[in-house]
Amino acid sequence: MGKTLSMDLAARPASAAPVLVSVALSSFMVALDVTALNVALPSIGHDLATGMDRLQWIAGAYTLVFASLLLSAGALSDRLGARKVFLFALLVFTGASVACGLAQGVVELIAARAIQGIGAALMLPSSMALLVEAYPDTQARAKAVALWGGISALALVSGPMLGGLLVELVDWRSIFYLNVPFCLIALGCCAMRGSRLAIQPRSIDWPGQVLSALALVSLIFALIEGPVWGWGNTWVIATLLVALVCGAAFIYSQRAQREPMLPLNLFESRTFSAAIGAGFLQTLAYYGSLFVLPFALQGQGRTPVEIGLAMIPMTIATGVMASLSGRLSNAFGARSVGAAGMLCGALGAALLALYGMDRVSLVIGGLLIGLGGATLPVIVGACLASVPSGKVGVGSGVLNAARQCGGVTGIALLGATLEGPGRATGALSIIALAFVAAGLLTVLRLYTDEVDVVSEC
């Protein structure tokens, strides 16, 4: 059994609090820049005189770069030091946000959004490593991760409303400028505390970095464009083949390397492997719900305001329960809390599939699906507990890359199953099955009496 973080480095609340504030703010910004921007796209299109094809890439460039670099960013965090990478990521994200606000053309905006994606990718795994270092005690960490999850969920709730208010009262550029004070606060909080995580004295695995990025960017590009261009499109097939070849080459290179960026023995831990699978399935189901329900309600003739109100029970349930999941896990056990949440999510999707989307079903079903979405801190906690201290960055990167792939897969898969205006029985059935599968992984493999940790490499 390898070493996790030394228990004698017990986190002091006074010194750990700035790290939690910094990590929570960074997570809020990463999520907010997705949810708030969607509301602003029509205004951006009008102001920059561009069409839907370019508007899609204003959102897509961020997601594509962010998701494809998560694995590489996690490895760099372990190699160079989480605090250094996190501070650099905040600077990149701040500069890119200013560039987005100053953009005078759509090409400039897309380029700045891609750079924002680089900053976000570097930020997320390194922030998780800092959180683990600040809270070595598992119970204290569970509460911290739960608070992080609740604040991330708050971005889902507040993003569309905040984005709409900023566009209405100021303009779309203010959405990007809003990141600047958040970034400055996060920078100040992070600078208040040095990192005591060990830096891995190893060379950077450049072949692994390149192959992993190519595999992920090709896969995610195909998943995004497949439903639009058609799965038989030459470019979609070609990018899927590139993803397959690069993925196989990446695995081979990691086995051959003395110092791989992703030690494959991480997957010897059944807790870690189950966390990756559960993260993929839970995100597929929850993000899929956030995608399917508005389209189905729009097909029923609901107005945007009515659709927004209908989504409130789900997002509030997610935010409240995610912030409480740490206390509940400490009281009842993480496996029980995670499994119960996944079961609630499955029941909510099944309820909407069977009984339709009347007002009562939407409230009850939305609340239940929201409880399924609140299980993310349980998955993150299991993942972080199952990796050695020197591999927290890459372990977090694998989990977040799997989650991003799950979200994109969910949108691609569920979009193809929408039967027509106002009908989403097939899509909701898939969501229910994904929650069930994630729940089974949680019960059978995610947590054992003693979380299994792989040995140091």
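Our numbering is plain: 1 for the first residue shown, then up by one each step along the chain.
Positions of Cβ are set from backbone N, Cα and C atoms, glycine also.
Annotated features in TrEMBL:
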DOMAIN    19-451  domain 'Major facilitator superfamily (MFS) profile'
TRANSMEM  55-73  transmembrane segment
TRANSMEM  85-104  transmembrane segment
TRANSMEM  110-132  transmembrane segment
TRANSMEM  144-163  transmembrane segment
TRANSMEM  175-194  transmembrane segment
TRANSMEM  206-224  transmembrane segment
TRANSMEM  230-252  transmembrane segment
TRANSMEM  272-295  transmembrane segment
TRANSMEM  307-325  transmembrane segment
TRANSMEM  337-356  transmembrane segment
TRANSMEM  362-385  transmembrane segment
TRANSMEM  424-447  transmembrane segment
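The stretches the transmembrane segment (110-132) and the transmembrane segment (230-252) are not in mutual contact, being linked by fewer than three Cβ pairs under 8 Å (pairs 6 or more apart in sequence). Here the transmembrane segment (362-385) sits apart from the transmembrane segment (230-252); fewer than 3 CB pairs are under 8 Å, leaving out pairs fewer than 6 apart in sequence.
Taking the domain 'Major facilitator superfamily (MFS) profile' (19-451) as a whole, pLDDT averages 84 in the prediction.
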